Structures are given as C-alpha cells and as structure tokens.
C-alpha cells in the first residue's frame, strides 16, 4: 500500500512524497531541507527523484539530496527521472510521452504524458497506485481551479495539454505543485459567477485554507466542473472572455484570451 503526502516548500510549493512506509520517491524537490526533514520524521529512505520540468523551484534540491543520498536503499545509484526535452541536472533517465517509468523503491509504475505549455518539455506522470488509486503528477500544467502561465509554450499547446489531462478518468487524483487555489478560485468566479459547483468549492477552499490544510489533490472530474481552463469551450466562459474584449474566434484564441485575462487579474 502506498501513501502520497505533501511536503510544503518555499512559500506555496508542494513536493510530493510517494512512500510505502520504508522508502519514498519525491516529485519536484525544489529544495532539499523539507525533504530531509520529512524522511527523518518518518524513518524513510530516499528511493527516487521524479521531475516534471526544469524550473528551479522543482529541481533545485536535487544536488543536495544526491549529496546526502547518492544511492538507493539497495545500494544502486539513486534514479533521477526527468523530461527528455528539458535541462534536468543529474538526470539518469530521460522520458517523453509513451515511456514507462518503473521505480523499485517504492514499487511504482508511471506512464508519461507530454504536456507542453508552461515549459516546452513539461511532462506529467500517470499511474494507478495501490492504496492511492489513479493519480497524475502534473507539476505546473494543471492547478486546482487553474493552470500554469505560458512561459515557453503557446495557447494551442497548453490547451492540447489540458485536454489530455481532462481526458483522464474522472476519479484520477490531481497532484499539482503549488497552493494557488484561493487566487485561482477568485478568478474562476469572475469568469463563471453563476457556477454552483464553483460556489460550493470556493466555500470549501476558504475552510481548508483557514485551517492550514492543503486544497490538493483534487480530481479530474472536479476540475472539469470548476476550472475555467478546462471549460474554455463552454458558452458561459466564452461569453465572459468576449465581454473582456477577448478573441473567441477559435478554441486556441479563446483559451489564450482567457489565460491573458488571468495574467492581469488582481
């Protein structure tokens, strides 16, 4: 049986730890110290490092972790998995869509999806974990009620990436890498103020955050219901974008206008 737990880092990052009570794989360790503390508190060995994209707040802790854990639980070199199309330090396995990642400590298998947009070579890892069920680790592509900024990709690329994630089974748990939900929900409500699912979710987010509790993971089905970036083809979203002066002449144009609105939203 596997557990997935968040390791808070920086101001709003989540490093995800997948563990079996003995060893852990960590996803997007932007800094090492919180990971070391988590491992020590739970008596876990570090078994693998998994990276979704090249930004420093997702891989900045790899060097320090390898200095402390050069080998895995059985003495083999510690695996560092990362996207083929990006600059990933210390990477031992480069992956792209269609590849399978098989970890030993803990025993985990992922299939890889290419999800460019936030960065050019961003990937996501999809699996069905014993005890945790279907999961996707999606870095900064899909957030709870939002999506990542387009630093390197185009609106068409990001829309295609989000379509790919939205097509996963509805009960897939979405493990994103930031606690941006409150601000994302404020924007989503500006886009779809009459969405009842969103209203209920906004109230829930306030309760969770006031208690200091993460709002993630959510599920793919939940995101389809409340996330404007998965709903950019809906008439309500198109009307809101048009009211802001956005171009809704096509799917990519409407998505780009929606993303541009969010970029300037306060």
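Quick reminder: no glycine exception, Cβ is built from N, Cα and C everywhere.
As annotated by Swiss-Prot, Zn(2+) 1 binding site applies to 53, 55, 118, 140, with the evidence given as sequence analysis. If you take the C-beta of residue 118 (Zn(2+) 1 binding site) and look for same-chain residues 6 or more apart in sequence within under 8 angstroms, you find 53, 139, 140, 141, 147, 148, 149, 150, 151, 152, 153, 158.
Using a 10 Å radius centred on the Cβ of residue 57 (Zn(2+) 2 binding site) and all shown protein chains, the other Cβ atoms total 19. Annotation note: residue 57 (Zn(2+) 2 binding site) sits in a helical segment as assigned by DSSP. Annotation comment: Swiss-Prot describes 57, 58, 140, 178 as Zn(2+) 2 binding site, evidence class sequence analysis.
For the pair residue 55 (Zn(2+) 1 binding site) and residue 178 (Zn(2+) 2 binding site), the C-alpha distance works out to 13 angstrom. DSSP assigns residue 118 (Zn(2+) 1 binding site) to coil in the three-state reduction, outside any helix or strand. Sorting the binding-site residues 53, 55, 58, 178 by the number of other Cβ atoms within 10 Å puts 53 first.
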